[in-house]
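Undergrad: Before I ask anything, let me first share the structure, which is written out below as structure tokens.
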Amino acid sequence: MKSQAAARMGINAAMTMYVRSGAPPQLSEQPATPPPPRRRRGSGEGGSTDPAAGLCGAYTLSGRCGKRACHLVHGTVCPSCGKWALHPYNVEEAARHADECAARHERLAAAARSADIECAICLERVLATRGRKFGLLENCDHAFCLACIRSWRATAEAGLAGDTAVRCCPLCRQLSWFVTPSAIWPNTAEAKAATISAYKAKLATINCRMFAAGAGTCPHGTSCFYRHAYPDGRLEEKTLRRNVDADGDVHVVRSVCLSDFIQASAAAHRALRRRAA
């Protein structure tokens, strides 16, 4: 302010001399103050170096910050999302963002790869309808809608043992004991195994409704994926019963339920009616 006032006084004095003497005013040229240099995009200048400070939102999005002395941290660029979102002074925070960002982009890439995969039963793209999922079979790589494969496995084909028919792939007849829901189609055996393991681990945290904290009987026995726990928190001890058939094959024997006798009796009555007809 003082320098500007002094400059104005000098100009006024020179104009007064010009009016009195008729000589042109001699103005002293003072160099103008140069503007502050513009910060280079992504340079990180002007930010805090405190490891506990958060990231500057404006700098994270654009790589530039309008503040000369920002109290937040100016991050470094993330190779996955392209934003300046990696904390340069907090290694754990930077690693957490890098891992989460890479996993998110992998899920997006997997969803893009899964978009055109068709169900082998309804012949429609599985993800074309919102909310639909894939039904993964553990021992084959054919693609099905979850609803389609569950519906197919709910009905046994004529001429085959029901316990075998409903657990076979409709195309290759490969036996798979269960179906795993998945929002994406795993493109590798490792990814498929990880999806199945995560699904089984999730079910193991849910109490079995049929076991009913020990008050009921689960027909699946030791093969049940759900949690069998008593009211005091104790888990049911799983004891496998096995038998060997005439060919030397070992089979796991599940618990006997009253429903087994009812179903066997109903099947016997149907067989007798067919013979009588």
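Residue 1 is the first one shown; counting continues down the chain.
Using the three backbone atoms N, Cα and C, a Cβ is placed for every residue, glycine included.
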Undergrad: Zinc finger per TrEMBL sits at which of 52-81, 82-111, 202-231?
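TA: Zinc finger, as annotated by TrEMBL, spans 202-231.
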Undergrad: Sort the residues of the domain 'RING-type' (119-173) into helix, strand and coil with DSSP and give the three counts.
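TA: Going by DSSP assignments, the domain 'RING-type' (119-173) contains 15 helix, 7 strand, 33 coil.
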